[in-house]
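One structure is given here, and the rest of the page talks about it.
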């Protein structure tokens with residue numbers, strides 16, 4: 001049997017713990033050391049100076065000396081910085097840096113400086129000492145303020161400069177008797193910190209100028225609303241900057257009326273400005289803030305009252321006095337409201353004058369009349385009275401209805417030659433009739449044949465009352481027909497409305513009618529129901545909400561891709577239509593413009609050159625003294641002219 005691993009016999013042999021004790025025997029005759037006393041008791045006194053600590057004491061003393069020196073240097077540096085800051089911000093300092101250092105000896109610099117912007121104590125401004133420079137900077141610095149703070153022991157006072165509060169000792173106290181209680185900047189800061197800034201500015205404005213700011217302006221709720229005229233009240237402007245405001249604002253405005261008054265807040269500027277282009281309130285505020293170095297929160301910006309006679313009179317009277325500086329021409333609304341006669345006329349509105357204006361300008365649509373008449377309110381007293389009226393919608397409807405009646409009656413009394421002459425007088429000179437002739441030749445139409453057909457067409461000769469332009473697509477049929485329709489101010493009818501009983505109602509008020517792109521179903525309808533209309537004979541037309549009216553159908557121009565004369569489905573149309581074929585496509589230049597220009601001026605030149613050919617030289621029995629085919633229409637009473 002094998003022996004067990006490891007060692008056996010626990011605690012025996014060399015495998016356990018054992019104790020070794022050295023035994024020294026002193027023998028007789030051994031030499032004893034001189035510095036060792038064998039019989040003396042060991043007290044440990046020989047180890048007292050074993051470690052030399054003199055070096056540590058010297059280092060500690062040096063550190064304490066350096067700390068004290070550092071404190072003194074820091075106090076002196078703080079005093080110098082305080083002196084520079086007080087001089088920079090206009091504060092007077094009466095204590096030397098040595099006194100400030102002595103007062104701070106008991107405190108460390110970190111304990112002396114405490115940031116306390118919103119200090120609850122009373123803040124007072126130090127006396128401003130004149131500096132060698134002129135002014136501080138372009139941006140006005142915050143005034144230095146002093147806060148007197150009494151602690152529980154009553155041995156410390158503080159002064160605040162800008163946003164930092166630095167405690168000073170009793171020896172460095174400022175002279176409280178020489179402190180000015182208020183200053184323009186402090187007042188302005190109070191304005192900025194007030195709960196209702198606008199109310200404070202309104203009150204100050206009324207106190208200075210003697211009237212409310214709201215008496216001069218109207219209110220824009222949105223800051224994005226654009227206007228060219230603005231009234232601004234700017235508070236707390238530096239006097240030097242205020243003197244140059246007239247020169248600074250001149251490149252941006254067409255008119256400027258500037259007034260400046262001094263108060264405890266500084267200079268308050270009241271200005272009426274007319275900019276070269278429309279601006280909103282935000283843009284105006286940014287521009288003025290850049291020029292005057294005043295935040296936009298210290299400004300009142302609103303548009304002026306354009307219809308207030310009192311406000312206009314204020315600007316007019318103050319503009320003539322020496323308290324205002326005026327640049328540019330006076331706005332028209334001030335001139336208009338300061339004329340006595342105009343002010344009297346504004347109170348009376350004359351509907352007949354409005355109708356006469358709409359008639360002279362060929363306006364029959366209610367929307368067009370309302371918009372155009374409102375635009376001339378600055379120069380027309382009756383239009384201004386119309387805008388002030390509470391019955392604008394009623395007046396507008398009555399004006400449009402009466403104008404249409406007058407226009408309809410006038411047109412009915414005019415023959416075709418008179419109407420063409422009237423239209424030619426309305427169009428500018430400078431046209432050329434050759435493009436029309438060249439286009440007809442390009443399409444293979446004989447010019448003399450076309451003139452003969454056009455003469456019968458304009459006279460409304462029976463069986464010759466309708467011209468048809470037929471041919472493939474894109475040959476210029478609609479282009480040619482629409483240009484003639486526009487010149488003669490005709491009307492368009494569409495077969496898509498043929499299911500309505502009133503689709504022919506436009507024929508009652510026009511000298512010419514056009515139906516564009518007639519299809520087979522349209523020709524079938526004409527062959528069934530419109531034979532008399534194509535003949536040029538009287539027909540009965542149904543009108544909406546009105547009784548039937550009997551009229552002679554005006555000349556009708558029709559375009560189509562189908563030739564109705566060659567089609568056997570409509571045999572009764574052959575003798576009632578004058579057909580001209582347009583087989584060639586309309587040519588365009590490289591800019592996609594028609595090669596043959598056909599417009600109102602060219603048609604005017606065409607009718608003037610072919611006037612005799614078309615037999616339009618009828619004797620005008622009703623011509624007035626100016627040579628017009630009829631007398632000028634007047635629906636307003638004339639005024640007697642008093643001669644000298």
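Placement of Cβ uses the backbone N, Cα and C atoms for every residue, glycine included.
Marked as ATP binding site by Swiss-Prot: 471, 472, 473, 474, 475, 476, 477, 478. Taken residue by residue with DSSP, residue 473 (ATP binding site) is part of neither helix nor strand, so it is coil. Taking a C-beta cut-off of under 8 angstroms and a sequence separation of 6 or more, residue 473 (ATP binding site) has the following same-chain neighbours: 561.
Taken from Swiss-Prot, the feature domain 'SF3 helicase' applies to 445-595. Per-residue confidence over the domain 'SF3 helicase' (445-595) averages out at a pLDDT of 91.
If you look up Swiss-Prot, you'll see 92 (among others) marked as phosphoserine, on the strength of sequence analysis.
Annotated phosphoserine per Swiss-Prot: 96 (among others), in sequence order, evidence recorded as sequence analysis.
Feature annotation from Swiss-Prot assigns region 'DNA-binding region' to 180-346; the stated evidence is sequence analysis.
Sitting within 8 Å of the Cβ centre of 471, 472, 473, 474, 475, 476, 477, 478, and not among those site residues for ATP, are the Cβ atoms of 559, 561, 582, 585, 586. The Cβ neighbour count for residue 476 (ATP binding site), using a 10 Å radius over every protein chain in view, is 22. Of the binding-site residues 474, 475, 478, 475 has the largest number of other Cβ atoms within 10 Å of its own Cβ. Mapped onto three states, the DSSP output places residue 478 (ATP binding site) in helix.
Proximity of residue 472 (ATP binding site) to non-local residues of its own chain (separation of 6 or more, Cβ distance below 8 Å) is seen for 561, 583, 585, given in sequence order. Under a cutoff of 8 A between CB atoms, and with a sequence separation of 6+ in the same chain, the neighbours of residue 477 (ATP binding site) are 469, 470, 471, 559, 582.
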